[in-house]
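Chemist: Could you have a look at this structure, given as structure tokens, before my questions?
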Amino acid sequence: MDLETGVYQNYAKKESWRTVLILAYQSLGVVYGDLSTSPLYVYKSTFEEDIQHSETNEEIYGVLSFVFWTLTLVPLLKYVFIVLRADDNGEGGTFALYSLLCRHARVNSLPNCQLADEELIEYKKDSIGLAPQSSFGSRLKSSLEKHRVLQRFLLVLALIGTCMVIGDGILTPAISVFSAVSGLELSMSKEHHKYVEVPVACIILIGLFALQHYGTHRVGFLFAPVVLVWLLCISAIGLYNIIHWNPHVYQALSPYYMYKFFRKTQRGGWMSLGGILLCITGSEAMFADLGHFSQLSIKIAFTFLVYPSLILAYMGQAAYLSQHHIIESDYRIGFYVSVPAILAAVVGSQAIITGTFSIIKQCSSLGCFPRVKIIHTSSKIHGQIYIPEINWLLMVLCLAVTVGFRDTRRMGNASGLAVITVMLVTTCLMSLVIVLCWQKSVFLAIGFVFFFGTIEALYFTASLTKFLEGAWVPIALAFIFLIIMCVWHYGTLKKYEFDVQNKVSINWLLSLGPSLGIVRVRGIGLVHTELVSGIPAIFSHFVTNLPAFHQVLVFLCIKSVPVPHVKPEERFLVGHIGPREYRLYRCIVRYGYRDVHKDDMEFEKDLVCSIAEFIRSESVAPGSVNEDLVKDDDKMTVVGTCSSHTEGVQMREDDADNIEAAGPSELKEIWSPPPVIKLRKRVRFIVPKSPEIDTGAREELQELMEAREAGIAYILGHSYVKAKQGSSLIKKLVINYGYEFLRRNSRLSTYALSVPHASTLEVGMIYHV
């Protein structure tokens with residue numbers, strides 16, 4: 001269930017130039033498809049109804065000036081040179097910024113966080129934990145930690161950005177494909193075209209979503225040549241149009257033409273900004289898809305290929321339009337005459353679909369989205385994932401938008417509002433990152449918000465004017481997803497609070513004695529719980545309802561921490577519950593939101609091996625085990641996976657007929673006694689000869705081996721959450737219907753363990769929260 005140590009170390013090493021260039025090439029097909037295909041519909045959407053061409057060309061020159069400076073300031077300056085530096089150890093997106101702030105300001109949406117989590121290597125990177133240098137930064141950090149209202153506001157802000165990314169994942173494929181298919185009007189009559197464009201667009205969209213399960217790396221290699229050829233074509237055509245139609249079009253790059261544009265068009269020009277905004281759709285994908293590639297590869301691809309190609313393309317279109325004020329078909333504004341655009345438009349949809357997968361995984365790991373099945377599609381790049389449920393949900397909603405609108409103008413209005421909202425949220429969160437994480441001056445943060453926030457607010461207000469003409473769709477979609485996220489998060493918190501309040505006391509456990517008042521039989525019982533301390537209430541149900549229990553009991557908590565990765569050597573926290581002779585252990589397994597949960601039996605081996613290493617380390621460390629453990633069961637020891645502590649205890653599982661008696665000279669082997677009946681496997685622990693372990697630890701290891709040989713049983717608590725009597729109507733609706741519906745239709749918390757049904761015991765319990 002762990003990443004291999006070698007793979008993790010490989011990932012941590014500095015990337016070679018060959019790897020960077022390959023990733024930059026792949027990123028063309030995944031990250032930049034949307035941004036690269038925006039010339040298909042920017043000018044068409046801008047000149048749709050709010051402004052018209054004139055003989056002076058002031059409108060087209062003004063639009064070109066806006067496009068140039070928007071592309072330069074937002075994707076190039078803001079994202080490439082600033083925002084990409086705020087990655088969360090390689091992970092990008094709105095929730096990565098939120099995770100970064102959680103660690104610096106100790107603002108956490110996860111209820112079961114511990115002080116021990118702050119000792120993780122990934123947690124302490126980049127001077128995390130140090131107080132901000134400025135007095136304002138210190139006050140801001142203190143205010144965030146003290147006031148729950150500010151913490152909730154920060155969480156909701158991050159969730160709004162996340163919901164808009166999901167909305168964009170629905171709208172962008174629709175507008176990209178539909179706008180390209182609309183170009184078929186040039187090759188057929190309008191009567192036939194209106195019957196063809198919607199079915200063709202839907203078929204292409206179904207094919208696009210059906211490809212997703214092949215993984216980002218395969219889709220990237222498949223789509224990258226298409227985008228590369230597309231960029232080269234539009235830049236070549238742009239260069240030709242500039243030379244042939246208007247060599248002086250470069251003068252329109254001056255900001256003065258933006259002033260002339262507003263002076264002439266006034267309110268119509270301001271409203272047309274919603275169309276100009278579409279030139280930067282896909283910019284957020286550079287940050288959201290960061291986990292699939294690398295910072296340097298994304299920077300290289302944009303700076304040296306995508307940006308210059310787009311500038312040449314838009315200048316070429318402006319040069320052509322400056323000499324052709326009246327065009328027979330609106331679609332000639334695009335590149336349909338010269339380049340088949342459908343393939344490029346299909347690729348344009350890939351960026352935001354990939355980004356949606358990434359951001360939903362982050363939300364799910366941090367307890368803000370129902371649990372979904374996550375498939376890792378690459379063994380080398382760990383951020384490359386596929387989520388089947390989300391993929392098909394996006395497809396259905398995307399088809400609904402396509403069939404419902406049948407119009408690129410309204411689709412463009414909807415997509416533009418989603419894009420600019422995500423950018424505004426990113427700007428707000430980045431200002432906090434600048435102060436709290438980078439420890440820069442508050443004036444720098446204010447300057448960042450004022451400069452980029454003003455630009456984005458201008459576009460945002462223009463998009464809102466199109467509310468009734470399509471812009472309502474992303475707001476409605478975001479509202480639905482926000483309700484789902486808030487309900488899930490609220491229900492999860494309440495359920496955890498109930499667990500904490502109804503914990504069984506350690507005194508009750510001690511009163512039962514070493515046998516716990518029941519018969520102890522061979523084997524290991526894994527009791528799954530969300531608690532990181534104390535004994536879950538459901539355990540008392542087990543003890544009172546079951547006639548026998550396993551000789552070794554492990555309270556297992558699998559939790560996420562707000563870091564991308566947890567190193568294998570820090571994976572487990574292990575401790576005793578009660579005295580040693582009770583054979584009760586607590587084991588907390590920690591995963592980052594980018595870590596791979598492998599569905600294999602290695603997890604069981606790592607778990608047993610970590611407990612054995614804990615027993616050895618407690619024995620050889622003088623004074624580490626004492627009566628304090630009886631009073632305080634929260635004392636835990638950090639233990640790694642088998643592969644990470646090669647000098648500690650190693651576990652071997654051999655066939656009973658093929659066991660070698662001799663062990664390594666520097667190691668001492670502890671064998672389990674000969675089995676009464678023939679077993680498929682026998683277990684042995686290989687313990688270092690030095691330092692020597694005591695007799696009690698040896699007996700404990702012996703019993704652990706016998707229990708492992710007998711097998712492992714998974715004991716799961718099946719909870720039904722209900723609002724307690726006297727709760728408000730809203731709470732009853734949220735808990736009894738909303739949260740319960742989501743819980744029933746989401747994955748189990750332990751699905752990644754591939755729990756065998758024959759070894760599972762479920763006990764139901766009603767939670768009144």
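The backbone N, Cα and C atoms fix where each Cβ goes, and this holds for glycine too.
In case it's useful when we look at the structure, here is the feature table from TrEMBL:
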- 23-510: domain 'K+ potassium transporter integral membrane' (DOMAIN)
- 523-768: domain 'K+ potassium transporter C-terminal' (DOMAIN)
- 20-42: transmembrane segment (TRANSMEM)
- 63-84: transmembrane segment (TRANSMEM)
- 153-184: transmembrane segment (TRANSMEM)
- 221-243: transmembrane segment (TRANSMEM)
- 268-288: transmembrane segment (TRANSMEM)
- 300-321: transmembrane segment (TRANSMEM)
- 333-360: transmembrane segment (TRANSMEM)
- 385-405: transmembrane segment (TRANSMEM)
- 417-436: transmembrane segment (TRANSMEM)
- 442-460: transmembrane segment (TRANSMEM)
- 472-491: transmembrane segment (TRANSMEM)
Chemist: What stretch of 63-84, 300-321, 385-405, 472-491 shows the most Cβ pairs under 8 Å to the transmembrane segment (442-460)?
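Modeler: Between the stretches 63-84, 300-321, 385-405, 472-491, 63-84 has the largest tally.
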Chemist: Could you check whether the transmembrane segment (472-491) and the transmembrane segment (153-184) come into contact, where contact means at least 3 Cβ pairs under 8 Å with the two residues of each pair 6 or more apart in sequence?
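Modeler: Contact criterion met.
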Chemist: For the transmembrane segment (153-184) and the transmembrane segment (300-321), check the count of CB pairs under 8 Å (sequence separation 6 or more) and say whether it reaches 3 or more.
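Modeler: Between the transmembrane segment (300-321) and the transmembrane segment (153-184), which are separate recorded stretches, there is no contact, as judged by 3 or more close Cβ pairs.
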Chemist: In this predicted model, what is the average pLDDT of the domain 'K+ potassium transporter C-terminal' (523-768)?
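Modeler: Mean model confidence (pLDDT) across the domain 'K+ potassium transporter C-terminal' (523-768) is 74.
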